[in-house]
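Notes for the one structure printed next.
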């Protein structure tokens, strides 16, 4: 999946210290494909068209799904840290797009939903699936806001940035530095379902592999042709500027490409109760809620 949301991010490289989400046994390390998706990739990868992703969007009759319900498995919910990073990831998507989520107890009953659980590593389905999308966040290095955003990005329909057909114009892949069996994770591909929404290659995307993805000890596998981005690729700080543009072109008719800044609110502008406002954030149209939660509802 490729989705990018932030303009200038600090590169926070978790991969050298903790479990790397790109090192798993799934497609590209952390993506679970349906049989149809596997066939599409195998039959049409490396064709000269698009390379970001658009597959299984959360749309109903061409309009964004009104509310995406999500649940947290009881074992995962025992960790305040895990719950916090999931909620922070949800807030990131709500802050910069028209997407809206609702946390429910246990597994949601809706046809399309997200369900966070503890699996073996960090991984997700790609695109909306009937019966719900399962997102694994194991305790071994997956409990960060950035990784939660990344895995949710897959569920929202994105593959990895460096899978774009034009990636060789921007990065060099060091095949000799990969461990055995890893080369397939660096395939370029595109199908009629993959689309870049007319955005340029994004070194800063939260969906980009880090420089040492699938690398032998002490080696790197991706070299940015623009050196200033070498330590930026693989950032997991948050959505990049282009990530945000892509999401809004996918789901929001481009209406949220220049969201209000959330970092500068007047000192007297405060939510009266942060937890209450978190629960009420989907009903901000109500004047009473705006009065109680001016920051959450972007009144100030």
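From the backbone N, Cα and C atoms, a Cβ is placed for every residue, glycine too.
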Zn(2+) binding, same site as 150, 154 - TrEMBL member from 113, 160: 160
Residue with minimal Cβ packing [other Cβ atoms within 10 Å] among the disulfide-bonded residues 284, 297: 284
Nearest-integer angstrom distance between the alpha carbons (Cα) of residue 284 (disulfide bond) and residue 150 (Zn(2+) binding site): 27
Averaged pLDDT score, the domain 'Peptidase M12A' (48-253): 89
Secondary structure composition of the domain 'ShKT' (269-300) [DSSP: H/G/I, E/B, coil]: 16 helix, 0 strand, 16 coil
Helix, strand or coil at residue 160 (Zn(2+) binding site) [DSSP, three-state]: coil
